[in-house]
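K.L.:
Structure provided below as structure tokens; questions to follow.
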Amino acid sequence: MLMAASFCYVNLGSGLCKLHDFLSNQNRKIRFHACAQNLSSHCNQHNYLKRLDTKNVEVKRRFKLHQASFVKNAHSSELAKEDDVSMATLIWRAIKLPIYSVALVPLTIGSASSYLQSSTFPATRYLVLLVSSFFVITWLNLSNDVYDFDTGADKNKRESVVNLIGSRTGTLAAAYLFLALGLMGLTWVSLEAGHLRAMLLLACAIMCGYIYQCPPFRLSYHGLGEPLCFAAFGPFATTAFYWLMGNNRGVSYLPLTGTVLCASLLVGFTTSLILFCSHFHQVEEDTKVGKISPLVRLGTEKGSSVVKVAVTALYALLLAFGLSRDLPFTCIISCLLTLPMGNRVVSFVEENHEDKRSIFMAKYYCVRLHALFGASLAAGLVIAKFVCKRYVPRLILS
């Protein structure tokens, strides 16, 4: 009995050992199979990712090819559109007739300020000054085309006068002929009025134009065009015209007042805005020839923000001058009517600053703002003569 029990125990122990070995073998097989599956899955995943990376590289390569082709076709299309511009359009652009408002506005506002102060308006003198100013602006435009042609900035500018007529020498000679005619008219009026201060201011304005673009100065290539433009057409020209339109030989000089000074600052502001916006479509060409315009430094996106700030500052200055009573309230009311045009300038630049073809029109929107704002300011000064009987301009310099 004892032997039977011992035999059974031995057999049971042997069976348990065999069962343990069997289960261990099965577990090893399962783990090995799982590892093999994991390894196979990892290899498959690696191969899949490798194929996916290859496909991504191929897609990126094809995208770059299509992008390059699109840019090339767009550039070719743009050049084709430029080639389709008629000769009449090119001549109109070369004449730049709207830009001559920069001569009309300072003279008109100076005359209106003089009328507010002295109740005089010599029409003949106004016409002589206007024609003479047009001659000076023509010199600026023609000489600017010549010197930009020399530096290569106008190499692809089809509306450049030099490119149109094919003669650099002839264009430069015509430019200085117009300057001589303009100086003759300005000198004649200055001598008739007997006002040396006005002559000095006009000389300073013309000198600003010369160092802006002519060698060896060419300060426009260093980003100083806007300050020079502000000084030339604002305080210098507007104040000079104010004195010339209100003085006669043997009569005491008109005093320099806060009214004409503030008006001249606004004129300089809007004139400089025209020049600033004329750079938007020339950033690439200016960069190639080393012309560091404000838009080359800032880029067109930041430049569009500058335009928004400038237009806002223009109307803020208008209100400040009104509150300080340096400008009559009639000027404030009439100039605020131009707000839609100011808003149009800002929105147009913001929407089109990256479109080289469309942004070309930005400077002409600024010309409209300049002309409308100037006409409104002049009208406000004239109306103040009849409406604001008690308005007395603040004396700055007698």
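Keep in mind that glycine also has a Cβ here, set from the backbone N, Cα and C atoms.
Marked as transmembrane segment by TrEMBL: 97-117, 123-142, 162-188, 194-212, 224-244, 256-278, 367-387.
Buried or exposed, and what's around them? Tell me for each listed feature.
P.N.:
Same-chain neighbours of the transmembrane segment (162-188): 90-91, 94, 128-129, 131-136, 138-139, 142-143, 145-146, 149-150, 154, 199, 202, 206, counting only residues six or more beyond its ends whose CB sits under 8 Å from a CB of the stretch.
For the transmembrane segment (256-278), the residues of the chain that approach it from at least six positions outside its boundaries are 99, 102, 105-106, 109-110, 113-114, 116-117, 225-227, 229-235, 237-239, 242, 294-295, 303, 306-307, 310-311, 313-314, 317-318, 321, 324, 326-328, 331, 345, 349, 362-363, 365-367, 369-370, 373-374, 377, 381, 393-398, judged by C-beta separation under 8 angstroms.
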K.L.:
Go through the chain and flag residues at least 6 beyond the ends of the transmembrane segment (194-212) whose CB is under 8 A from any CB in it; none is fine as an answer.
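P.N.:
Contacts of the transmembrane segment (194-212) (Cβ under 8 Å, skipping residues fewer than 6 from its ends): 136, 139-140, 179, 183, 186-187, 218-220, 224-225, 228-229, 231-233, 235-237, 239-241, 243-244, 247-250, 253.
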K.L.:
The transmembrane segment (367-387) and the transmembrane segment (224-244): do they have three or more Cβ pairs under 8 Å, with pairs 6 or more apart in sequence?
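P.N.:
Answer no: the transmembrane segment (224-244) and the transmembrane segment (367-387) share fewer than 3 Cβ pairs below 8 Å.
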